[in-house]
Every structure is written in C-alpha cells, then in structure tokens.
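Asker: Let me begin by handing over the structure; questions about it come next.
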Amino acid sequence: MEDGKMGNVATVRAVLAILQWRGFNVTVIIINKWIFQKLEFKFPLTVSCVHFICSSIGAYIAIKVLKVKPLIEVAPEDRWKRIFPMSFVFCINIVLGNISLRYIPVSFMQTIKSFTPATTVILQWLVWRKYFEWRIWASLIPIVGGILLTSVTELSFNMFGFCAAMVGCLATSTKTILAESLLHGYKFDSINTVYYMAPFATMILSIPAIVLEGSGVINWLYTYESTVPALVIIITSGVLAFCLNFSIFYVIHSTTAVTFNVAGNLKVAVAVLISWMIFRNPISAMNAVGCGITLVGCTFYGYVRHLISQQAASPSPRTPRSRLEMLPLVGEKQEKI
C-alpha cells in the first residue's frame, strides 16, 4: 500500500514538473517572438543581455539566499580556464537563438533546433574521431530528412535566420561536448551552471550590445508609445528565462530519460501550435509533415540512445570492450539552458 502511494506521488510530481517546464519553455519562446514582432524591439543582443542579468540575479538568490541548492565551489583559476570558455559558447548559443527568432517563425526555429542531436554526433565523429554504432547513424536519418523537407517547404524562409538557427545548433553541440572535458570533476546542476555562466555571459555580451544596438534601443525608448508596459514584458521574459532553467532541475530529477525525451519533443509540438495560433505564420501541409518527421526522429533517436546506454551498462561477455557502442556526449537528460 505504501509503495503504491509513493508511486502515485512520484507520478504526480513528474507530471507537474514536466508541465511547469513545458509551460516556461513555450512561454519564453512566444514572449521573445512577441518582443521582436509586436513590440518592434528588434534588438536580440539586448534581449539576451536582459536574460543573462535576470538569470545571474535569480541564481544568486536561489543559491545564496534561499539555499535551494548548495553552491558547488570552483577554484578561481578554473573559472577562467573552464567556466569562461563554456560561458562564451553558452552566450553564442542564446544570442543566435534570439537572432533566429527575429527573422524566422517559431515553428521553423524549433524544428531546426531539433537538429542538435545530429550536429553533436557529426562534430564528435569529425573532430574527436568518436566511433558510433550504426543504430545511432540510422536514427539520425529521419531528423535530417525532416529538417530538409521543412526548410525546402518553409513559406517564411529567411536565409539569415536559418543560418543563425543552424549555427546555434552547432554552438549547443559544442557546449555539450566541451562540458565533458572542461567541467570534468564538477557535477553541475542547472542552477549552479547558471550561477557561474550567466555573469560571464553578461560581461561578454554587454559591450557588443551597447556598441551595436545602443543607439537603436535609445531611439526605441523615445519613439515607442507604450514604453513602460513594453519594458515590463522584456524584463518578464528575462525572469521567465531563469525560471525555465530553474524548472529543468526538477524535471531531470523527477522523470526517466525516455520520458524527458518524449516530453521535450511534445514541447516543440506545443510551441509550434501555439505560435501558429498567435502569429498566424503560414504553414504548408508538407512543412507540417517535415516538422512531424523531425519530432518523430528525435523521439526515435532518444529511444535508441536509451537502449544502447542500457546495453553499455551491462555488456555481454562476448562483446569486445573496444567495440562497445559509444554514445554521443548528449546526456540522456540534457540540461538545456
């Protein structure tokens, strides 16, 4: 009886964790698109800077004031040798995501972001010479095919936004791969990751934001009619961006790898649907099919990774050690910042 009650509590907690994570994720994406399109605040570097500042403050309050998680101590020299390079890639990833949102629809941007597993595998194979079993490569076929179909049939295609989203996938993959070597020995959770990386990212981005967008932001402040409500929305997007990273901590500790993978892909589908309902960007039938193929491919890829990780945990005595399938350095439960 007690086991049944504990199981029900765990299930409810997992469902609530997934719902809050999905809610924050979709809301941040929609609000960012609203800022660029409806508020005419077309300054992705400044928006990213606001997000980093809010995340820095939020992480400090969560760790130092509320004591939600204990602070993972990092040696001063490691902050510059390890954390700073990670923060630089982290910064590029966030900025490119916001840039792509300015130029292409949410549906197209989210579909391209689903290409990240493929870029991670390809980067490790080309640069780090990692070996991957054929099942990993086969699972990437629907992802690549879906992305190609979606790109060819996208009615609101913009080359600059497309390139920003694709390079953003490479940045995400690079961050994941670098984390394995640069952060070796440090078991960071999502909150500690933001605590250390967000201040560095703010420092890196603040000068380019001022130089490239400063005059435009000042002009917007003088010319936009409803400045105060618009600024509230922009700051709210930053607060929600931190809440998103905060919610990832609970999802990762409340769900299995397969559940997390499926929930992530369903989140993309929900974001696509809601963005279409709000912004009414045109989506052709073949474009929707391409998006669907990509999401199914991502789910299949996550399932294949889960199977291989289970086999690697208990290898057969007949399987030579050198031939064990190597998994891509994309955690079964990615902490997506």
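Any Cβ shown, glycine's included, is placed from N, Cα and C.
Sharing the features that TrEMBL gives for it:
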type: TRANSMEM; residues: 12-31; note: transmembrane segment
type: DOMAIN; residues: 15-301; note: domain 'Sugar phosphate transporter'
type: TRANSMEM; residues: 43-63; note: transmembrane segment
type: TRANSMEM; residues: 83-104; note: transmembrane segment
type: TRANSMEM; residues: 134-153; note: transmembrane segment
type: TRANSMEM; residues: 159-183; note: transmembrane segment
type: TRANSMEM; residues: 195-222; note: transmembrane segment
type: TRANSMEM; residues: 228-251; note: transmembrane segment
type: TRANSMEM; residues: 258-279; note: transmembrane segment
type: TRANSMEM; residues: 285-304; note: transmembrane segment
Asker: May I ask for the residues of the chain that lie six or more residues beyond the transmembrane segment (12-31) and have a Cβ under 8 Å from a Cβ within it?
Answerer: 101, 106, 110, 233, 236-237, 240-241, 243-244, 247-248, 250-251, 254-255, 259, 263, 266-267, 270-271, 274-275, 278
Asker: Based on Cβ pairs under 8 Å, which of the stretches 43-63, 134-153, 159-183, 195-222 lies most in contact with the transmembrane segment (83-104)?
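Answerer: Looking at each of 43-63, 134-153, 159-183, 195-222 in turn, the most contacts to the transmembrane segment (83-104) are made by 159-183.
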Asker: So which residues does the transmembrane segment (285-304) touch in its own chain, when a touch means Cβ under 8 Å and the partner is 6 or more beyond its ends?
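Answerer: For the transmembrane segment (285-304), the list is 107, 111, 114-115, 117, 135-136, 138-155, 257-258, 261-262, 264-265, 268-269, 272, 332.
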Asker: State the mean pLDDT for the domain 'Sugar phosphate transporter' (15-301).
Answerer: 87
